[in-house]
Amino acid sequence: MSQARFIAFSDGSALVNPGGPGGTGFVVLDRARPAYRFGGTRWVEDGPNAVTNNRMELRAVLEALEGLPGGEQVEVISDSRYVVDALSRWIHGWRKKGWRTASGEPVLNRDLIEALDARASALSVRYTWVRGHDGHAVNEVVDQLAQAAARGVAGPGEAEVVAALRAEAFLAGGPAAPRSSRA
């Protein structure tokens, strides 16, 4: 785990892949304060940008990065190898090749990848992959937030987010809970 000021956990879900509906979930921890925010969004899209798991994963990262102050270090933690590889490895070659893959095909989800690249350019972002459904408490919470958003139902609340952050030692236990906001 890096010493970044912000730790952003994200996950996406598509109930039907492709076609949706889909949902996003995120938790962002500001370790300098300490404070956190969390949320999720339901998405229904069709046409060339129809809901897919990968689009929801990318949207979740974009939502997590929104509003972070420029110049700050951020570690994005995702259980999506696609997100981590696309944003930390493949993007450099895609830009050089005019947004074409190694096989010459157009890059899928280019709109979201370019939006994330623009947002990340104002920050110092490191992408870290974790195995999903493998005991990472905060990753489980963002998964639940994404699935609940996709279904249009209430997801985990503040108590569950705090418990997950404490379980992974991102927050100290005790009576004084950090400030939060639900996006």
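For all residues, glycine too, the Cβ spot is worked out from N, Cα and C.
Record features (Swiss-Prot):
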DOMAIN    2-151  domain 'RNase H type-1'
BINDING   Asp11, Glu57, Asp79  Mg(2+) 1 binding site
BINDING   Asp11, Asp143  Mg(2+) 2 binding site
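Look at the domain 'RNase H type-1' (2-151): DSSP puts its residues at 58 helix, 41 strand, 51 coil. Once Cβ contacts within 10 Å are tallied over all protein chains shown, the binding-site residues Asp11, Glu57, Asp79, Asp143 are led by Asp11. Within 8 Å of the centroid defined by the CB atoms of Asp11, Glu57, Asp79, the record's Mg(2+) 1 site, lie the Cβ atoms of Ser10, Gly12, Ala60, Ser78, Ser80, Val83, Gly132, Asn139, Val142, Asp143, Ala146, excluding the listed residues themselves. Comparing the Cα of Asp143 (Mg(2+) 2 binding site) with the Cα of every entry in Asp11, Glu57, Asp79, these being the binding-site residues, the smallest distance points to Asp11.
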